Each structure stands twice: as structure tokens, then as C-alpha cells.
Amino acid sequence: MTKPIILTGDRPTGKLHIGHYVGSLRNRVLLQDQGKYEMFVFLADQQALTDHAKDPQTIVESIGNVALDYLAAGLDPEKVTIFIQSQIPELAELSMYYMNLVSLARLERNPTVKTEIAQKGFGESLPTGFLVYPISQAADITAFKANFVPVGHDQKPMIEQTREIVRSFNHAYQTDVLVEPEGIYPENEAAGRLPGLDGNAKMSKSLNNGIYLADDMDILQKKVMSMYTDPNHIRVEDPGKVEGNMVFHYLDVFGRPEDAADIAAMKDHYQRGGLGDVKTKRYLLEILERELGPIRERRVEFAKDMGQVYQMLQEGCDKARQTAAQTLSEVKSAMGINYFK
Ligand code: TRP
């Protein structure tokens with residue numbers, strides 16, 4: 001019995017924050033430990049380069065950092081193949097064939113890409129590589145014949161485009177080599193996108209409002225103490241608001257079932273008045289430290305031997321490459337362009 005295949009990846013554009021952790025990393029570790037799937041997790045450095053072409057250094061540095069974040073969060077290279085996109089040339093080759101099956105108009109309609117183009121303000125200098133990255137993403141997914149792709153809601157259009165490419169390819173070449181993937185999306189809205197410390201809807205490096213898996217205890221404490229609460233809760237006796245208060249939002253996300261009663265009681269007390277922000281923040285700090293402390297310790301340990309981390313990545317690349325090469329060979333056979341076989 002072959003296991004269903006799961007594949008997912010991240011753009012290495014910086015260290016991972018706790019939004020990545022609750023939104024996806026934590027779930028990947030659960031999937032890994034179920035042992036029911038064959039899993040691939042990869043660093044999409046080529047995709048990251050589509051909007052960082054002149055700043056490769058950020059991407060290069062992020063490879064080591066994100067690999068450390070993965071290991072620290074509990075991804076186990078014995079159970080999951082961890083690899084780097086740029087080291088698998090078969091992916092670029094697959095993209096070449098898929099490009100002929102996708103119209104320019106279809107690429108321009110992809111809503112996520114459209115939003116990104118507007119946000120990044122490319123204007124007339126939109127790089128071709130950026131516009132076609134959904135095609136390269138289809139190559140990432142199909143090279144491994146992934147059945148399931150756990151991603152954020154913003155990635156739905158990529159999965160949709162991949163499915164179209166698969167159908168189009170299989171139909172055009174009368175084959176079934178490519179597999180239609182399904183997206184797996186976060187069910188928990190609160191965890192699906194964790195807001196920043198300042199209450200901004202997005203936790204991001206550019207907004208400087210995130211907690212990173214690599215942050216030490218001191219930084220974590222400073223960040224928690226600086227969190228946005230209720231600006232009208234001035235004196236301890238004042239009634240405070242729980243909605244939009246980041247401390248309570250994070251408690252809802254990071255609290256465990258056994259904390260539910262304490263958290264409910266705190267919310268009550270806060271809303272009645274008489275509970276200060278420093279107390280709620282200290283409690284949140286404890287809850288966060290319980291989850292992040294062990295991750296941080298593991299990260300420090302792994303970081304002592306970066307040689308070993310890169311060795312792990314290289315082994316992952318070697319393994320991933322075999323799978324991708326097999327699919328590429330099947331793809332070329334289906335098209336009839338494997339002339340010397
Ligand atoms: N686009 C994804 C992101 O921005 C990263 C990614 C690239 C990916 N290729 C993928 C995710 C393939 C899942 C499957 O986060």
C-alpha cells in the first residue's frame with residue numbers, strides 16, 4: 001500500500017514567526033507523526049527570487065534560518081523529506097511544458113497574484129517570473145504527485161490552477177501521469193492568520209510586529225509587554241474590552257483545553273474591571289513560553305552545527321530529486337519527447 005502524498009513549502013524570506021507556527025508548522029508536525037502520509041516540505045527559494053531577484057542574500061540567509069525553524073518546531077528529517085526548490089532542476093523543466101498549457105490571460109486573472117502585484121507596486125516592471133510563479137508552483141506539486149497540499153487560504157487559486165494544468169496535461173497527452181491535488185486549509189480562523197502584536201491584521205517582518213521562533217526569552221517578554229490591548233482601559237478598575245485585545249486573542253490561540261476555564265474567568269474579570277494589563281500579559285507570557293521554550297531550546301541546539309543542518313538539506317534534495325526525475329521522465333514519455341529511450 002502506498003501512502004497518500006503531502007507536499008507543502010514556504011518562501012524563505014526571513015525567519016518564521018509564531019503565526020507560521022500556529023497557522024501551519026504545528027499542523028505539519030501532527031501530520032508527520034500520524035505516519036499515514038509520505039511528506040515533502042520544501043524551501044521555495046526560486047519563488048522567493050521572483051520578487052527578490054536583486055537581493056538574493058536575504059533568501060540565501062533564510063534557507064538556514066527556516067531549516068532551523070522547521071527542525072526546532074519538530075519536523076523530523078527521518079519522517080519528512082525537506083528540500084530546496086532551486087536544487088531540483090526537474091521542476092524548472094516541468095514548468096517549461098506547463099507554460100504552453102496556460103494562457104497569459106489565465107495567469108493575469110489569478111486573484112492572489114493580482115493582489116500581490118498591486119501591493120508590490122510592480123507597474124510596468126512586473127517580472128515575467130513573478131507572473132508565472134503559479135505555473136512553477138504547479139510543477140512543485142505535481143513533480144511529487146502530491147495528493148494533499150496544506151496551505152493558507154490565500155493559496156487556493158494556486159491549487160485551482162494546478163488542478164487545471166493537471167487536467168489539461170492529462171487530456172492533451174491522453175495520460176494519467178499527473179495527479180490532481182487537493183488543498184488542506186486551516187479550519188481555525190483565529191489561528192489561520194494570527195494578527196500582529198500591534199493588532200494589525202498581519203504579522204510581518206516589514207511591520208515589525210511579530211514574535212519569532214528564534215526570539216530569546218528577554219525579547220519575548222518585551223514583545224508581550226508591548227502588546228496592543230484596549231486603549232481605553234486606563235486604570236485597573238476600568239472595565240476593559242476583550243474583542244480586539246491582542247492578549248486575549250493570543251490566549252485563545254495558544255491556550256490549551258485545560259486553560260479554557262482560567263481564560264474565561266480572566267475575560268470576565270477584565271470586562272468587569274479590576275484586572276490590569278500587566279497581569280494578563282504575564283499570564284500570556286507563561287502560556288507562550290510553555291509552547292515556545294522547548295522550540296527555542298531545540299533551535300539553539302541545532303544551530304550549533306549548521307554543517308549538519310545543510311547535510312540534512314542535501315540528503316533531502318537528493319531524495320526529492322529522484323522522485324521529480326521519475327515524474328519528469330513519465331511526463332516526457334507521455335509527450336513523446338523522450339527520443340533516446
Ligand atoms: N506560494 C507558497 C507561499 O507563498 C509557497 C509555495 C511554493 C508552495 N510552492 C508551493 C506551497 C507548493 C505549497 C505547494 O507560501
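Here the Cβ of each residue, glycine as well, is placed from N, Cα and C on the backbone.
In TrEMBL, annotation is done automatically, which means it is predicted and not curated.
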Determine which of LEU194, LEU213 appears in TrEMBL for the same ATP site as ARG11, PRO12, THR13, GLY19, HIS20, GLY152, HIS153, ASP154, LYS202, MET203, SER204, LYS205, SER206.
LEU194
For the motif ''HIGH' region' (12-20), sequence-distant contacts whose Cβ falls under 8 Å of one of its Cβ atoms, 6 or more beyond its ends:
43-45, 48, 52, 58-59, 62-63, 65-66, 69, 73, 193-194, 203, 205, 210-214, 288, 292
Would you please pick out, from the binding-site residues LEU194, MET203, the one with the fewest other Cβ atoms within 10 Å of its Cβ?
MET203
Annotated binding-site residues HIS20, HIS153, MET203, LYS205, filtered by Cβ under 6 Å to ligand 1:
none
Near LYS205 (ATP binding site), which residues of its chain come within a Cβ-Cβ distance under 8 Å, counting only those 6 or more away in sequence?
THR13, GLY14
Taking every protein chain in this structure into account, which of the binding-site residues ASP140, HIS153 has the most other Cβ atoms within 10 Å of its Cβ?
ASP140
Coarse DSSP state, helix versus strand versus coil, of MET203 (ATP binding site):
coil
